[in-house]
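Engineer: Would you mind keeping the following structure in view while I ask a few things?
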Amino acid sequence: MQAAVMEESNATNIEQQPNALNNGQELVSSNEQPSSPTPVATPTSSTSGTSNATPAFSYDDLFPALPTNNSTNAPLGGNAGPAIARVTSSQKTQVLHVPMEERKSTESEKFGEGESKRICQQITKETGAQIEIVSGKNQSLTFLIKGKQSELLDARRKILMSFSTQASRQVNIPREHYRVILGKRGERLRELERLTSTRINIPHQGDESDVITIAGTKEGIERAEQEIRQLSAEQYKKSSDRTTVPKIYHPFIVGPYGENLNKLQEETGAKINVPPQQVQRDEIIISGEKDAVAAAKAKVEAIYKEMEKKCSTVSVEVAKPQHRYVIGPKGSTIAEILQLTGVSVEMPPNDSTLETITLRGPQVALGNALTVVYQKANSVKSVEINAPHWIHKYVIGRKGANMKQLEEDCPNVNVNCLENKIKLEGDPENVDKAVSYLNDIIRNYEENFTYEVMTVNPSYYKHIIGKAGANVNRLKDELKVNINIEEREGQNNIRIEGPKEGVRQAQLELQEKIDKLENEKSKDVIIDRRLHRSIIGAKGEKIREVKDRYRQVTITIPTPQENTDIVKLRGPKEDVDKCHKDLLKLVKEIQESSHIIEVPIFKQFHKFVIGKGGANIKKIRDETQTKIDLPAEGDTNEVIVITGKKENVLEAKERIQKIQNELSDIVTEEVQISPKYYNSIIGTGGKLISSIMEECGGVTIKFPNSDSKSDKVTIRGPKDDVEKAKAQLLELANERQQASFSVEVRAKQQHHKFLIGKNGASIRKIRDATGARIIFPSSEDSDKEAITIIGKEESVNKAKEQLEAIIKECDEVTEGEVIVDPKHHKHFVAKRGTILHRISEECGGVMISFPRAGTNSDKVTIKGAKECIEAAKQRIEETVADLEAQTTIEVVIPQRQHRTIMGARGFKVQQVTSEFDVQIKFPDRDATEPVDGLTNGVNGDGEATDGAEPAAEPVRQCDVIRITGRIEKCNAAKQALIDLIPIEEELNVPFDLHRTIIGPRGSKVRQFMSTYDVHVELPPSDLKSDIIKVSGTPARVAEAKEALEKMIEEYEADRADRELRSYVLQIEVDPEYHSKLIGRQGAVINKLRADHDVNISMPKRDDPNQRIISITGYQAKAETARDAILEIVGELQTLFREVIEIDTRIHSHIIGHRGRTIRKVIEDYKVDIKFPTAEEAQNNANAVTIIGKEEDVENAKEHLLSMAEDYERDYLENLPPSPQPQTVGAFLTAGAGSGSTGGGSSNANENGFIMKDAPWEKKQQAKNLTAPNTQSQEDFPLFAAGGGPVAATPITSVWGPKN
């Protein structure tokens, strides 16, 4: 048979055959011995004379020569070279040969072409390996494959499937063994296919066939069949069985601390899985070899039968809080009792209220066990001491001093501070001592210490505390008290604690300070911040004078960084008012002497203004009493600023300008430019004219005022610069003139408003469309009909056409008249003509003009389209008819309720006016004269108003509201006003709901009052009253009452739901499983919380019992979550656990960088892998524990051992041996030892360390030595093989002759 032949070689040509490498290493080890007569590990020392002489060591022994390089051109793997470490490359090369008779097709193809090339490219794309194909003369194919090992296997299998003829074979394997052949997620099957280059077809789960089909080359099929049958044979040897043992006998099978269970497993070799105590299941699972399983099952059942015959029970009542002392940490006490007495202790569930503990075991041992249980239950005593909460910190002591003393005197006593109580737990004798110790401390502080709470306005805090806490610190130091400021919701208190006398004095002093602060006054004075420096004065002289006059007033002037104008005064009221007046007077004086004017002076004349040594400027300052500021020397600004009184400033200005005029050729010229071009020449913000002035040497250009109507622009400055500026101005004016074509359009003055439109909308539309400017005549123009259009000729013509079209439409408007009695005119024009605007909008936008007041005319003019005029006439006449039929009635409502009836900004009364089309007039509030014939609660017709005040109260003019309109509408409006009279109702709302109604900082109650337009008054919190007062209009009060009742119902339902949700269930789970319950990044516990809608709390680090897990939620859901957790724990406890030995030096390699490698192994094999902790490493540092399903553990174990073996082979075995360090110190120690042995003298090494035959001692050779020659191959030999050629004449080495 001819089979496919594969040859393998390393891609880097470094890895050789193992035998050759071993032989090379043996040869090298013999050649590496130095020429010294003694080995390196035992250096030779020579002694002369007595044994006390200092030993001398050979230089060659201490510094042996390097191995000789016999051939510089020796091959890398040759025997003559030194041993080299094996270097493994991740890139491999394989040669695959397919003979002609095994090829699928023998069609002749050229190399690298056709279907073969396409198939190879496809395989390269799928696997990542590089493939080269060669066709032989005999039609055989040879493939060169390069890539990683996994890529080579995949590529080799695909090549054989594509180019080699395929055979197939069927193998009968029991279906229950399929899962082992498949492996986890089919990985073992895929690996088997890669290694054997075959395709293995396993029947699907629904197919009942037990035949596995293998397709591939004959050699690959045989290898695959062998592997499959071997896996199946291993499964025949394994077995699993179950036995049912009542739960009460499980402790005897497990034994104390698991001793019995471990012994059974060691004796039988089977794995015995007993359900944990929390899982109520009787079934015990045994797995392993068939014989081991049978033996283990027999022993388990024997223990059960024996204990069933021997066991008796006894029950004992123990208080529920003491149960945890019987259980012990992680159940250690129960295990201890079982170990001591052989009796099992059965505890009731944690969530049960039962206090009965059951003891089960041999009759003779029950009495002893009962005694031990009582001892454990009473081994801890719990006591509570009454102690006010404020004393707790004194009980603890400064930095816990008292607690530390208590811990020393009374060890193993746990102290917890509760609300107004202190709880102690521990050994009864120590607890009693601790109670006595703490009671003495508490009694001492209750007798000698006290506290006081003072309510203080928060604005006084800073004054009470003082600067940097000076006031409070002084009181603390002098009176030995503690002062704390408490700022809570609605409470602003100062708490004083300490000795009784000290607290009393501190309270008196603080109260005195508070009274003084309440008598003080604060006032803000607004002063321009630019004057602050002047108010302060030079070195603070001015403000110091003011402060000296008013010593009790604090004056706070803001710093320049605060950027505010407010100066704050604080002190006694009278002094603050007087200081305020003085400050304003000082500010007025400063303002009068702070007149500022800017004088532009050309830069070249500034030096003449200053004068020699500043003589000129000093003289002007002194004589005019002004401040004169000139720009800095490098500043381009030419303006001189003068500050002082107005008349003095003007005088200084004239004197400075006179200096400039006398020294320069300054000229002034006028240019004639039409005023209409001024704005365009000046530019936006004066930017254009400013650029011209700067460009022309800083000349001054002045335009006439708009009132002067002058067309002359003045230019002032040096002659040349003036001429240049003049030319630019005239050029600009000509440009503007060309763009100023204008025409006139005539339109009647009364039509102008239609042309302009509302807010200028119509005229703006024409401007935007054409770009022309349209100017309407002003009130001062004589021709009121001329409209001017300015702009470019084309734009002006377009605007003219549009305007003329609108004017034509306006000319077609007609005019009509309607007669309205002057007494009704006011009705139409009142409230800014609201009624007229409404009629105009309803009737097509007509213009309605009433005669001016005082003309006594009854003609109302209407302009617009004819049909619109008629509609407006009809609407006006209807309104007049309504006015004729109007009447006035009175309604009496007490004046104090008028504001409520009006509403915010009259909103409510405006609604009534608009809805019923009436006029409502409220009386003057100062009209307090009584009204005869009316009493409060009676309207103008003598009828009583509903809900009004009692009739005994007299009526005043300010109580009478008048309503004008049609009688039926007046009555409706009157009733509407009466309905607006507020009422007040009391509602019974549970006190604990008040906080919910108020909301954070009152936000909810404000929103409630705004929504329902009522006022809600809640009782003070200290009264704890359920009564809430709601005031407002009857309708609004009813709505608010209904809303509150609904809120109460929702609150009661929510409170009941909260109580149901607050059910707490606690379970005990071994902390070993806590991390699994939490999951990665909390995934498992978050899913449990979400699925069961509960809160699951894991124990904190400082919790005394780390086994307790709390579940909070509805009882049913909490119990479901508990079952789910216990199910997870049960599954974890049933997991297989195996410990393997891996060299501790390899652990870090297996873990990988930041745990990446081990994390991938854990994810791939679904197991948990634990490396030994620091404590565990002391017993066995090589132990690695794998936990998971038995099959997964086996797979992970194989993978880890494979990783360890590879790493050990590649790295650890090739490391050079680590001999004992041979340092100079080692030799000194050896020498010293020999000396002491001989004579015992301590001065054996007083002559120091002696070395002989060193290079520097060879005098005769030293003469010929020179500095090292780096070109010498002897002194600096090349590493490895292939060194350069050796010099023909050897160069004498500075290191001496070669050994």
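In case you wondered, yes, glycine gets a Cβ from its N, Cα and C as well.
Residues annotated as coiled coil in TrEMBL: 642-669, 789-816. Residues or ranges marked as compositional bias 'Polar residues' by TrEMBL: 9-33, 1262-1274. The feature compositional bias 'Low complexity' is assigned by TrEMBL to 34-56. The compositional bias 'Basic and acidic residues' annotation in TrEMBL covers 99-115. Per TrEMBL, the feature compositional bias 'Gly residues' maps to 1232-1241. Positions annotated as domain 'K Homology' by TrEMBL: 165-233, 237-305, 310-378, 379-443, 448-515, 593-661, 665-734, 812-881, 885-982, 983-1049, 1061-1130, 1134-1205 (among others).
Explain the structural surroundings of these features, please.
Structural biologist: Long-range neighbours of the coiled coil (642-669) within the same chain, counting only residues 6 or more positions beyond its ends whose Cβ lies under 8 Å from a Cβ of the stretch, are 592-599, 601-602, 604-605, 608-609, 616, 620-621, 624-629, 714-719, 722, 726.
If you take every residue in the coiled coil (789-816) and average the pLDDT, you get 78.
Residues in the domain 'K Homology' (237-305) partition by DSSP class (helix H, G, I; strand E, B; coil) as 38 helix, 17 strand, 14 coil.
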Engineer: Given a Cβ distance threshold of under 8 angstroms, which distant residues of the chain, six or more beyond its ends, lie next to the coiled coil (789-816)?
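Structural biologist: Same-chain contacts beyond the ends: 739-745, 747-748, 751, 754-755, 762, 766-767, 769-775, 861-866, 869-870, 873.
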Engineer: Any chance you could find the range in 165-233, 983-1049, 1061-1130, 1134-1205 with the most Cβ pairs under 8 Å to the domain 'K Homology' (310-378)?
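Structural biologist: It is 1061-1130 that shares the most Cβ pairs under 8 Å with the domain 'K Homology' (310-378).
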Engineer: Please figure out which one of 983-1049, 1061-1130, 1134-1205 racks up the most CB pairs under 8 Å against the domain 'K Homology' (165-233).
Structural biologist: 1134-1205
Engineer: Summarise the domain 'K Homology' (165-233) by DSSP state, stating how many residues are helix, strand and coil.
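Structural biologist: Taking the domain 'K Homology' (165-233) as a whole: 37 helix, 16 strand, 16 coil.
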